[in-house]
């Protein structure tokens, strides 16, 4: 070691060497300091000053720091920028260090926690309404498994996951961090990173299934995992790696994880990554939660209810009984608005039980986590009392039963805690007066020392009969009893001398003490510290009582979330005039008056109504496909998306925006809409489209719903038409699924006469005086043109370009009608002049316009105005 290295810096270097992959927050008094490369990286990431402290190997030591009291905000910034942070705390005070090792002793420090994206628990570092998942992927002899947990709520699950399903499942969960074996191929690690998760490679030993089983059995205090499920080796391996990582990052203080729940992919509606993105389930394409389906659905009052909504929306059920039970619960609150309003008013006061419990388990909780548990359980009890006398559907009845069973803990917390505890335990004042006699005494001595002394003085005056007796204080004797020499004689002799102990005689005064006064003096001098120490002990006692009831608290949290979600979906259904879908085992798909929930909500803000449309894709024994044609901007993509969204909403457990809906269970939803490239992988927009289409054709089963928008548009016309044609035939003949297929290749409409399960539909438009009016109505039939030039005009292309485009279009269409070759037609077109073509002459005024110009509204009677309106209507038709 360099002889010039100070003991403190030697300690830092030793601790840093043990945590090379993390920024080290090294506690020094009221600050966390960072040194060397850590300081350079942190200063840049946090935009704070970079300074220096001493030298090492002849070079200045870079240094920066952040205040300990506001460290969480800096931690959040660093975590979001991809850093891992080691929290290195002082484990003793300087005075203790000096007693241990002399004046040059260094305060003992240890890393108490590694902060990573998937291991956050503090409210300030988390999104209250979203899970913060840590996931782990294991591959054992070609068998894959995915495990995930949220240590801030205790949620812990696992499922078998073939490599081909890893991307879609991670897209469903949106974990913040994914643990993988360091032998996992780089391409797959990059794919995980593209989903927005941090990838943390671990050694193969972390995934060893034998040691993993031992870790899990030890965590849950069982001899075997068979009571939790029949886990495959890969599942055990993935779960074990999670526990191993938590032991590493939490330094042995493991979170409260519920027993692992085995999840089956067959019981969830399958949605791949592209479909989730295209349908904007939880995040809009523009980024953020706003204008996503989740934002439109969410009327929950609690954080737990919001997380449950996201979990179900990202993983809708395919179990008919489960779906119907959820609909029945929503229907109850949809019908009984008084009970729902009363429930929601109570739910607004419910804190986040799960996260408060998790922080207490990890010893990161404070007084307000105790009060959060108290307030949450009190609210649960009030709701239970109100709802247990109501005739509820089975799912809600079970939720209400979950709210019970914690009366003793609730009574304890009600008695022990003040109404509004402090944020920090060190501030004191969390225990209610009257709960603990010794604490009350300490507080009284601390806050009312003078009055206690005065009371004691009055007692002594009465006991001695010496009215001149006083209790005084100085820095030498402390508290003492003083009286004149004249009266002292009485106190120096029995029986009073047995109680009053002589301490000092001065020229005119005699001073005494008593055992009671000496004890009181000690108590007064130490009362403040004693009160804090008693509260610390009581805090730990209450924390232990809460942790002993963790199962009941978790159960209550789940019951509250279920009630909240059912009521929230009912409120949203009432607001939007939504209907309960009829769910069936067959392949029915009949929706009348369907509306896009997100678009409708956006239009409503501007006072515009949404044009509803029907959809019938019912199929038994074969495919049911609608081929949709029509112009751009007419609403084809909206129509495709809305029907897919209604399926997802229905199988989530929500009502749907429609007049009525009958939906046979859907196993998969695939969406190929929109345009995007993947430049990082060298993929063009067309290549991305083809990859997504290939996924659909290879994976869609006969219970899938597929929506395809303009397949083949990114290449030459005949190439694109050929691909679209073959894709449609494959969906019909091989996949035999329900599908909506939008295209501008009008030639494909002829397939309806050849494919039994194919019908044509078009989005209606109206032409009026050279303008196109989009009616947004889906009707049977086929479009004969796409109105691309008119849409280009609406987009603001220069008039010269529009005029030239119309000339070219007319020539091409004429060539097709006359059977000429396209090249010959193009060769016959006049060259585009260098000067812009003259703007088209204004069209002559129509009869309607001429009549309107001649009208003077103020001079017309109501009858004349009505007659004129009928005349104008006749002219239009």
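For all residues, glycine too, the Cβ spot is worked out from N, Cα and C.
Here is what Swiss-Prot records for this protein:
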BINDING   630, 631, 632, 633, 634, 635, 636, 637  ATP binding site
Any further residue of that chain within 8 Å (Cβ to the Cβ centroid of 630, 631, 632, 633, 634, 635, 636, 637) of the recorded ATP site: 763, 774
Close in space, distant in sequence - residue 630 (ATP binding site), Cβ under 8 Å, 6 or more apart: 636, 742, 762, 763, 764, 765, 783, 786
Same chain, 6+ residues apart, C-beta under 8 Å of the C-beta of residue 635 (ATP binding site), given in sequence order: 611, 763, 774, 776, 778
All-chain count of other Cβ atoms within 10 Å of residue 634 (ATP binding site): 26
CB contacts for residue 631 (ATP binding site) [other CB atoms within 10 A, all chains]: 21
